[in-house]
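Per TrEMBL, these features apply:
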- HIS63: active site, proton acceptor (ACT_SITE)
- ASP64, VAL67, GLY69, ASP71, SER73, GLU82: Ca(2+) 1 binding site (BINDING)
- PRO156: substrate binding site (BINDING)
- HIS186: heme b binding site (BINDING)
- THR187, ASP238, ASP246: Ca(2+) 2 binding site (BINDING)
- CYS32-CYS109: disulfide bond (DISULFID)
- CYS65-CYS70: disulfide bond (DISULFID)
- CYS115-CYS316: disulfide bond (DISULFID)
- CYS193-CYS225: disulfide bond (DISULFID)
- 22-320: domain 'Plant heme peroxidase family profile' (DOMAIN)
- 1-21: signal peptide (SIGNAL)
- ARG59: site 'Transition state stabilizer' (SITE)
Amino acid sequence: MGGHVLLTVFTLCMLCSGVRAQLSFDIYAKSCPNLVQIVRRQVIIALKAEIRMAASLIRLHFHDCFVNGCDASVLLDGADSEKLAIPNINSVRGFEVIDTIKDAVENACPGVVSCADILTLAARDSVFLSGGPQWRVALGRKDGLVANQNSANNLPSPFEPLDAIIAKFVAVNLNITDVVALSGAHTFGQAKCAVFSNRLFNFTGAGTPDATLETSLLSNLQTVCPLGGNSNTTAPLDRNSTDTFDNNYFKNLLEGKGLLSSDQILFSSDLAVNTTKRLVEAYSRSQNLFFRDFTCSMIRMGNIANGASGEVRKNCRVINN
């Protein structure tokens with residue numbers, strides 16, 4: 001993406017978000033001048049090892065920011081670890097990649113850059129390296145001192161109705177545009193049968209599948225996730241371009257090919273008519289519009305503050321002694 005486009009997107013995001021007061025684009029200019037290059041190099045290595053990791057890293061950032069703000073609390077080990085919350089356990093991944101990036105950053109600039117900033121940069125790089133937009137990340141987040149497993153158990157869920165999902169976004173100062181744009185991150189990555197098999201056989205309790213699921217995709221998924229099968233088997237969230245960041249996800253929704261119930265309801269539910277459906281249609285027509293709004297939503301999500309004091313962890317998994 002050329003400098004002009006980057007500037008345009010950046011200017012637009014200043015209009016649509018406002019950067020948090022304590023964050024800045026050049027906070028590490030003197031203390032860790034090569035930070036952005038170090039993180040990107042490590043993300044490139046990680047994606048070469050496993051292309052799916054791009055989607056995993058952005059999900060890790062999402063699950064971090066929605067709990068206590070973007071404070072790397074999701075990375076902490078321990079009894080109250082958010083890793084053990086129901087939406088995260090045996091599901092959220094990429095922790096070792098963040099450890100590796102942190103080691104590389106510590107090697108260059110010990111004790112300077114927070115794990116929260118590293119995760120935010122890694123999420124941005126995952127999008128860009130998969131064909132998505134590029135944007136500047138304001139930095140200066142601190143790492144939280146506590147995890148919040150209880151709050152992590154209340155993350156937006158693939159089983160919830162649209163009004164409940166919207167309410168959880170509003171609770172962290174995000175809006176309906178953010179709901180749709182950030183859901184577009186399901187343009188790459190995989191999901192386990194456990195989170196969508198409820199749609200395949202007995203959706204409403206009447207013994208029939210979800211009527212909004214397109215029939216050829218339904219029969220394919222019934223084969224991938226048979227009744228009594230392995231709930232850890234995965235299917236692509238966007239089968240048209242499994243590992244590419246594009247607007248195909250929204251085109252899929254228009255055809256009834258959203259994988260998760262929480263994807264398809266953005267277009268097919270009654271509540272969508274006056275809330276999210278128009279945006280799904282707009283993004284399906286214009287990848288540029290989707291990229292623009294997604295960029296703004298990522299910046300807004302990356303600005304969610306926890307309000308508590310923090311530190312720069314030496315090891316992302318534990319607070320400093």
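The backbone N, Cα and C atoms fix where each Cβ goes, glycine too.
Known features from TrEMBL, placed on the structure.
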{"residue": "ARG59", "record": "site 'Transition state stabilizer'", "CB count, 10 Å": "20"}
{"residue": "ASP71", "record": "Ca(2+) 1 binding site", "CB count, 10 Å": "29"}
{"residue": "SER73", "record": "Ca(2+) 1 binding site", "CB count, 10 Å": "29"}
{"residue": "GLU82", "record": "Ca(2+) 1 binding site", "CB count, 10 Å": "26"}
{"residue": "CYS115", "record": "disulfide bond", "CB count, 10 Å": "31"}
{"residue": "PRO156", "record": "substrate binding site", "CB count, 10 Å": "21"}
{"residue": "HIS186", "record": "heme b binding site", "CB count, 10 Å": "24"}
{"residue": "THR187", "record": "Ca(2+) 2 binding site", "CB count, 10 Å": "28"}
{"residue": "CYS225", "record": "disulfide bond", "CB count, 10 Å": "22"}
{"residue": "ASP238", "record": "Ca(2+) 2 binding site", "CB count, 10 Å": "27"}
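The least crowded of the recorded positions CYS32, CYS65, VAL67, CYS109, CYS193, judged by other CB atoms within 10 A of its own CB, is CYS109. Rounded to a whole number, the C-alpha distance linking THR187 (Ca(2+) 2 binding site) with ARG59 (site 'Transition state stabilizer') is 12 angstrom. If you count neighbouring Cβ atoms within 10 Å for each of the recorded positions HIS63, CYS70, the highest count belongs to CYS70. Sequence-distant contacts of CYS316 (disulfide bond), defined as residues of its own chain at least six apart whose C-beta falls under 8 angstroms from its C-beta, comprise ALA72, LEU75, LEU76, PHE95, ILE98, ASP99, LYS102, CYS115, ILE118, ASP143. The two recorded residues, GLU82 (Ca(2+) 1 binding site) and CYS225 (disulfide bond), show a Cα separation of 28 Å.
By a simple count of nearby Cβ atoms, those within 10 Å, the most crowded of the binding-site residues ASP64, ASP246 is ASP64.
Neighbour density for GLY69 (Ca(2+) 1 binding site): within 10 A of its CB lie 24 other CB atoms from the protein chains shown. Candidates CYS70, PRO156, CYS193, CYS225, ASP238, ASP246 (recorded positions) were compared with HIS63 (active site, proton acceptor); those inside 10 Å Cα-Cα are CYS70, PRO156. As a whole-number mean, the pLDDT of the domain 'Plant heme peroxidase family profile' (22-320) in this prediction is 96. Taking the Cα atom of each, ASP238 (Ca(2+) 2 binding site) and CYS65 (disulfide bond) are about 24 angstrom apart. Using CA atoms as reference points, the binding-site residues ASP64, VAL67, ASP71, HIS186, ASP246 were checked against CYS225 (disulfide bond), and the closest is HIS186.
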